[in-house]
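Peer 1: Structure below; questions to follow.
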Amino acid sequence: MIDCRYYQQNECRSCQWLEIPCSQQLTEKQYHLKQQLISINYDEAQWVAPFQSNQQGFRNKAKMVVSGSVERPILGILKNPNDPQSAIDLCDCPLYPTHFSAIFSILKDFIGRAGLVPYNIAKQKGELKYILLTESIATEKLMLRFVLRTENKLPLIRRELPKLLEKLPHLEVISINLQPQHAAILEGEQEIFLTEQQFLPENFNGIPLFIRPRGFFQTNPKVAAGLYATAQQWVAEFPIYNLWDLFCGVGGFGLHCAKALQEKWGKPIKLTGIEISSSAILAASHSAKILGLEHVNFQSLDAASVIENKNENKPDLVIVNPPRRGIGKELSEFLNQIQPHFILYSSCNAMTMGKDLQHLTCYKPLKIQLFDMFPQTSHYEVLVLLERKKIN
């Protein structure tokens with residue numbers, strides 16, 4: 001069990017399963033997963049042993065609510081979002097890398113120097129709402145974002161920035177996110193960059209990826225790298241030359257699979273990636289260029305748009321990595337119609353995935369594996385490889 005004083009003192013209970021042994025956590029998650037898939041026939045599927053995570057220091061990202069005063073800022077959580085007195089400082093949270101604590105200390109000093117008054121949601125006063133810190137495990141570089149109510153403190157921030165960079169030379173990306181609403185909303189629409197670099201370079205399994213502000217990226221790098229590597233291994237067994245990556249984000253799944261397939265079969269691989277975020281598409285396209293993948297087309301579209309495009313060359317493999325709501329009945333039925341040989345489904349919500357698999361009536365599961373992306377909680381990631389059923 002992790003030695004966490006915040007949990008022991010009942011200050012933070014985000015890790016609801018902290019007192020449950022790691023082996024039991026995995027057993028319960030595996031049982032839960034099988035219950036969600038009980039309505040589909042997985043008897044012939046290969047159940048791969050769960051991919052385990054480190055139990056502490058595994059997070060590459062910290063989301064810190066800023067409270068307290070400008071002279072004594074508190075970085076952590078508010079147990080009651082409307083009560084600044086309920087603030088808990090989580091700078092020594094054991095889920096973060098140990099060196100984050102020293103970084104937070106430097107940032108507290110910066111808050112005072114730049115006059116960034118912590119926002120008080122009850123009084124609707126103040127400027128600084130959150131500090132968001134992300135680290136690349138490949139480069140050890142950092143992305144730092146200040147979520148502010150207004151631009152009023154921007155001149156002071158710019159004035160103090162050189163001193164901050166002296167103390168934290170690994171800062172690669174620094175930005176201001178403006179969130180003017182008087183509500184406990186994490187971030188707003190506008191991002192102001194204070195550095196030339198706007199993406200944080202990362203690398204999993206030799207695949208360059210780019211973390212962007214306001215974009216989704218897994219917070220457990222070790223398990224995320226394992227998830228992508230597993231996807232690579234599973235699909236490389238088959239002669240796949242045309243794949244779609246729906247909900248592709250910055251291209252993690254599609255790029256891993258395309259690279260592995262090209263190396264295995266020695267032929268150009270056609271990859272089409274669909275993602276609603278234009279900045280994610282820019283990042284994915286940049287990664288593909290670095291890898292030298294030529295037959296790649298990343299498009300900023302809603303994943304549902306593929307249903308309307310009937311003229312696309314039919315894929316051999318479709319990768320889906322949807323948000324918690326799943327892919328839904330309409331997209332499931334579309335996949336039944338176009339019948340790719342394989343579907344690779346990655347999910348953070350086994351319940352909605354189970355419903356989707358019921359709709360994918362033309363497919364049977366070949367392989368299933370749980371990934372312990374979120375230790376100390378009931379949450380997990382799951383990867384399923386589906387094969388088109390043979391018609392008798």
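Numbers here mean position along the shown chain, with the first residue as 1.
Glycine residues also receive a Cβ, built from the backbone N, Cα and C atoms like all the rest.
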Peer 1: Looking at the [4Fe-4S] cluster binding annotation from Swiss-Prot, with Cys12, Cys15, Cys93 already listed, which candidate in Cys4, Cys22 is the matching residue?
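Peer 2: Matched candidate out of Cys4, Cys22, per Swiss-Prot for [4Fe-4S] cluster with Cys12, Cys15, Cys93: Cys4.
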Peer 1: Out of Asn177, Asn313, Asn321, Asn336, which does Swiss-Prot tie to the same S-adenosyl-L-methionine site as Gln218, Phe247, Glu275?
Peer 2: Asn321
Peer 1: Taking the Cβ of Cys4 ([4Fe-4S] cluster binding site) as centre, how many other Cβ atoms lie within 10 Å?
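Peer 2: Neighbour count, Cβ to Cβ under the 10 Å cut-off: 19.
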Peer 1: Please list, in sequence order, every residue of the chain apart from Cys4, Cys12, Cys15, Cys93 whose Cβ lies within 8 Å of the Cβ centroid of the [4Fe-4S] cluster site.
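Peer 2: Those within range, site residues removed, are Ile2, Tyr6, Tyr7, Arg13, Ser14, Leu18, Leu90, Pro94, Leu95, Gln376.
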Peer 1: Taking the Cβ of Phe247 (S-adenosyl-L-methionine binding site) as the centre, count every other Cβ atom within 10 Å, in any protein chain shown.
Peer 2: 21
Peer 1: To the nearest Å, how far is the Cα of Cys15 ([4Fe-4S] cluster binding site) from the Cα of Cys348 (active site, nucleophile)?
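Peer 2: Distance between the two Cα atoms comes out at 17 Å.
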Peer 1: Show me the subset of Cys4, Cys12, Cys93, Cys348 whose Cα is within 10 Å of Asn321 (S-adenosyl-L-methionine binding site); these are the recorded positions I mean.
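Peer 2: Near Asn321 (S-adenosyl-L-methionine binding site) by Cα: Cys348.
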Peer 1: Using Glu275 (S-adenosyl-L-methionine binding site) as the reference point, find which of the recorded positions Cys4, Cys12, Cys93, Cys348 has the shortest Cα-to-Cα distance to it.
Peer 2: Cys348
Peer 1: So of all those recorded positions, Gln218, Phe247, Cys348, which one's Cα sits nearest to Cys4 ([4Fe-4S] cluster binding site)?
Peer 2: Gln218
